[in-house]
Ligand code: CAA
């Protein structure tokens with residue numbers, strides 16, 4: 001069945017890093033009880049980028065399967081969402097555009113508002129498709145989450161990219177019109193231009209997230225959104241997967257529902273499977289939650305899924321998607337599992353070496369150590385230019 005006015009996610013694919021660090025290694029290093037990580041924050045491992053991986057290589061790896069399946073025709077816009085930007089001027093999306101060999105008749109732009117920006121990208125993409133339903137927009141969300149060694153944030157690092165093809169008559173999820181939005185000027189998490197690792201006030205960030213859940217849901221309701229009971233599941237931004245549980249319990253309480261743990265488990269249970277082994281992928285995380293849900297659920301055809309996208313600082317958006325009947329034929333479940341399973345475990349010392357590695361900032365020419373076996377790599381810095389290659 002086609003719906004002429006339906007616009008949404010036609011295809012979705014994700015990529016992550018070459019390496020992975022299990023939380024058991026972090027717990028062994030810092031003496032934490034492993035229960036703090038496995039149960040307390042709901043994380044089992046974190047993706048660790050190789051020296052020659054970054055937001056561009058992951059973004060291109062996530063997007064390439066979409067181009068392979070659908071071709072590049074009709075893609076006139078690429079929106080690249082990130083908060084781990086690699087250049088102050090040039091959009092990371094231009095490198096992805098080049099690596100994928102897309103048409104020069106394309107506009108490319110990078111968006112930033114912490115972990116929220118991919119949702120802004122999705123909504124802007126829908127606006128463009130609404131204007132010309134023949135067009136498709138490639139939205140790429142790609143991030144590397146990095147905190148100071150031995151800080152509380154270290155356990156909530158990670159890295160991944162999600163690519164979504166947004167278009168009319170989508171095969172996966174139709175995004176509905178009402179959207180609840182919320183902005184508050186808070187300093188819960190930020191990264192000044194001179195720092196590689198983010199600064200964060202952990203407890204304040206949790207409180208800011210919960211306030212944003214309330215604010216965006218209130219606006220969603222006022223915009224005529226669905227009632228809470230109509231949703232089959234909820235995809236939250238997951239800086240660590242237990243945060244989704246805190247947020248959902250808060251939402252149930254805020255909207256006058258009894259706290260029913262079976263309901264919480266039903267609403268969230270299938271959304272955490274990728275994030276709990278990838279770690280925080282910032283902009284990509286809420287759409288990794290969607291991928292995990294679609295890849296694992298029995299059949300969600302015709303059902304509503306809630307989205308709660310949060311970006312520190314802070315901006316949030318609550319909205320709904322309707323899962324399109326027949327979506328299961330278009331999923332990439334095997335490829336997603338392979339992206340997770342192909343990562344090579346590293347020990348703690350190796351992880352710390354990779355964490356300490358930063359791209360030379362002396363203005364000289366440098367080759368990057370060849371480490372990734374992925375389809376794209378950051379090969380060198382030459383004449384202040386990043387040189388990317390495809391395998
Ligand atoms: N067994 C089971 N559970 C245990 C445990 C054990 N042995 N030991 C501790 N726990 C539980 C604690 O009770 C706690 O659970 P509750 O919050 O439900 O009480 C949980 O494990 C974590 O313990 P702590 O609060 O003591 O952990 P911490 O202070 O070391 O750090 C953190 C937690 C603040 C989240 C920290 O990891 C951090 O700063 N992370 C980065 C910031 C972040 O992710 N904020 C999230 C909201 S902001 C956002 O979403 C944007 C973004 O992407 C950054």
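Positions of Cβ are set from backbone N, Cα and C atoms, glycine also.
According to TrEMBL, the feature domain 'Hydroxymethylglutaryl-coenzyme A synthase N-terminal' maps to 7-169.
The annotation (3S)-3-hydroxy-3-methylglutaryl-CoA binding site is assigned in TrEMBL to 33, 147, 246, 280. In the structure as shown, the Cβ atom of residue 33 ((3S)-3-hydroxy-3-methylglutaryl-CoA binding site) sits within 10 Å of 10 other Cβ atoms.
Look at residue 83 (active site, proton donor/acceptor): DSSP puts it in coil. If you look up TrEMBL, you'll see 83 (among others) marked as active site, proton donor/acceptor.
For 115, the entry in TrEMBL reads active site, acyl-thioester intermediate. Cβ environment of residue 115 (active site, acyl-thioester intermediate): 83, 143, 237, 239, 282, 283, 285, 286, 309, 310, 311, 312 lie under 8 Å away, each six or more residues apart in the same chain. A strand conformation is recorded for residue 115 (active site, acyl-thioester intermediate) in the three-state DSSP classification.
Residues annotated as domain 'Hydroxymethylglutaryl-coenzyme A synthase C-terminal' in TrEMBL: 179-252 (among others). The predicted model assigns the domain 'Hydroxymethylglutaryl-coenzyme A synthase C-terminal' (179-252) a mean pLDDT of 97.
Residue 237 (active site, proton donor/acceptor) counts 33 other C-beta atoms within 10 Å of its own C-beta, drawing on all protein chains shown. What TrEMBL lists as active site, proton donor/acceptor is 237 (among others).
Summarising the annotation, TrEMBL assigns domain 'Hydroxymethylglutaryl-coenzyme A synthase C-terminal' to 272-325 (among others). Secondary structure of the domain 'Hydroxymethylglutaryl-coenzyme A synthase C-terminal' (272-325) per DSSP, as helix, strand and coil residue counts: 19 helix, 18 strand, 17 coil.
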Cβ-Cβ distance under 8 Å to residue 280 ((3S)-3-hydroxy-3-methylglutaryl-CoA binding site), same chain, at least six residues away: 46, 145, 156, 157, 158, 238, 239, 240
Residues that sit under 8 angstroms from residue 246 ((3S)-3-hydroxy-3-methylglutaryl-CoA binding site) by C-beta distance, when 6+ apart in the chain: 206, 209, 210
Neighbour count (Cβ, 10 Å) for residue 147 ((3S)-3-hydroxy-3-methylglutaryl-CoA binding site): 20
Other CB atoms within 10 A, centred on residue 83 (active site, proton donor/acceptor): 26
Tally of DSSP helical, extended and coil residues in the domain 'Hydroxymethylglutaryl-coenzyme A synthase C-terminal' (179-252): 36 helix, 15 strand, 23 coil
